[in-house]
Amino acid sequence: MTDYRTLFSSPGAGSTVTTPITLSLLLLLSQATSDPCYDPGGRPRFCLPPVTQLVGKAAAPCSQTCALPAASPGPACNSSLTLDLDGSFLLTSVTLRFCTAGPPALVLSAAWATGGPWRPLWRRPAWPGALGGPKKVTFHSPPGPKTRIVASYLRVEFGGKAGLVTTGVRGRCQCHGHAARCATRAQPPRCRCRHHTTGPGCESCRPSHRDWPWRPATPQHPHPCLPCQCHPIGATGGMCNQTSGQCSCKLGVTGLTCNRCGPGYQQSRSPRMPCQRIPEATTTPATTPVASRSDPQCQGYCNVSVSSVHMSLQRYCQQDYVLHAQVSASSSQPSEAVGPEWWRLAVHVLAVFKQRAWPVRRGGQEAWVPRADLICGCLRLRPGADYLLLGRAAQTHDDDNYDPARLILNRHGLALPWRPRWARPLRRLQQKERGGACRGLLPPTRSPGPRN
């Protein structure tokens with residue numbers, strides 16, 4: 001291996017020859033490794049792939065015209081020729097070669113998709129008394145960014161017999177100024193995108209660089225895609241919306257870059273959950289009165305309070321309904337008294353895992369809770385929270401407001417804080433019930449009423 005120190009040593013044998021050669025090689029190497037889409041300082045700039053010979057698919061009409069004598073009538077000629085470029089390209093020139101004098105009139109059109117609409121690019125009208133045109137016709141795309149022609153199909157309409165020999169179409173891939181290289185033979189042609197763009201034609205930004213909407217590059221401004229400014233803790237990742245730049249935020253986090261806590265949340269010290277819900281101090285009867293737990297009349301009234309339940313098939317079948325619901329967090333009137341014995345709560349049913357005789361529909365519902373159950377703290381419901389509700393259908397009641405279609409929440413059921421991991425096993429139990437697994441498993445008898 002050559003030591004570079006010998007190439008730039010003091011004059012001696014061969015040093016005057018090797019120094020210019022080495023400088024030339026280094027210059028060529030720097031030109032080969034430089035990126036046309038970036039200047040020497042690393043700043044983005046407008047770039048285009050080189051012009052290449054494009055491949056078209058078409059059969060030249062009247063291909064035997066050149067071999068026929070001049071006096072021979074010859075076969076009937078087609079009136080047009082369509083070229084499929086196998087992709088979208090920026091056209092630079094179209095060349096048509098004829099074996100005899102070309103047709104007196106020609107019309108060249110371009111289209112984006114199969115069947116048009118066709119856009120006329122060049123028209124050569126027939127002069128009165130003209131017998132034919134030249135044997136070679138070349139169309140050049142006009143210069144300027146506003147006059148660039150993007151086409152996937154070309155159509156040539158002849159005004160007479162045409163003995164067409166070859167068609168030459170030159171152009172470059174449509175990379176919107178964001179690429180200097182392109183695989184023209186790929187299906188579809190794919191640009192080697194720069195400026196953090198992506199897509200076959202560099203027509204969109206990468207998911208991690210969508211701080212501004214995508215724009216094509218121009219010689220005046222390269223319009224590179226900018227990285228998303230997502231907060232490293234408040235966002236779920238580094239990707240943002242293509243149009244607005246909105247980052248995907250964690251629960252309780254808001255803002256375009258996920259940099260602050262939303263309403264009802266406060267900052268925490270956990271990087272996994274940077275915003276936690278603010279505990280609500282509420283006086284609604286839906287919460288548990290602490291003083292009522294020492295009331296002698298409430299001793300032994302409620303069922304044993306549990307925080308978790310093993311949901312076996314038998315326990316599931318013994319329930320009249322199993323719901324995933326959310327207690328309304330409205331601050332106007334989440335609950336109200338209805339008569340001396342009942343309170344009415346607004347709930348939103350999110351999922352029904354077991355249906356009762358009177359169907360419970362998803363959406364907004366009115367849940368009825370006995371006043372005594374609330375006073376004794378049998379149900380601990382917090383507005384805005386999700387719960388798994390296990391309960392029994394209403395039975396005969398002496399109250400005039402009784403309705404068998406009511407959704408009753410009482411001390412005989414359970415209201416457990418919802419856990420997302422419960423959804424899948426509950427769906428499996430629901431499928432078993434539909435298959436008849438609950439037949440013969442009757443619910444146990446309920447207690448007749450409160451004990452004094």
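Note: Cβ is positioned from N, Cα and C throughout, glycine not excepted.
The disulfide bond annotation in Swiss-Prot covers Cys173-Cys182, Cys175-Cys191, Cys193-Cys202, Cys205-Cys225, Cys228-Cys240, Cys230-Cys247, Cys249-Cys258, Cys261-Cys275, Cys298-Cys376, Cys302-Cys378, Cys317-Cys438. The feature domain 'Laminin EGF-like 1' is assigned by Swiss-Prot to 173-227, with sequence analysis given as support. The annotation domain 'Laminin EGF-like 2' is assigned in Swiss-Prot to 228-277 on the grounds of sequence analysis. Residues or ranges marked as domain 'NTR' in Swiss-Prot (evidence: sequence analysis): 298-438. The N-linked glycosylation site feature in Swiss-Prot is assigned to Asn303. According to Swiss-Prot, the signal peptide annotation covers 1-34, on the basis of sequence analysis.
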How do the residues of the domain 'Laminin EGF-like 2' (228-277) split into helix, strand and coil according to DSSP?
0 helix, 19 strand, 31 coil
Let me check the 10 A CB neighbour count of Cys438 (disulfide bond). How many other CB atoms are there?
19
When DSSP states are folded down to helix, strand and coil, where does Cys193 (disulfide bond) land?
strand
Using DSSP, how many residues of the domain 'NTR' (298-438) fall into helix, strand and coil, respectively?
26 helix, 44 strand, 71 coil
Closest of Cys261, Cys298, Cys302, Cys376 to Cys193 (disulfide bond), Cα positions, disulfide-bonded residues only
Cys261
Students should find that the Cα atoms of Cys182 (disulfide bond) and Cys258 (disulfide bond) sit apart, in Å rounded to an integer, by 37
Counting only other Cβ atoms and using a 10 Å cut-off, which of the disulfide-bonded residues Cys225, Cys230, Cys240, Cys298 scores lowest?
Cys298
Spatial neighbour of Cys225 (disulfide bond) that is closest, considering only the disulfide-bonded residues Cys173, Cys175, Cys258, Cys298 and their CA atoms:
Cys175
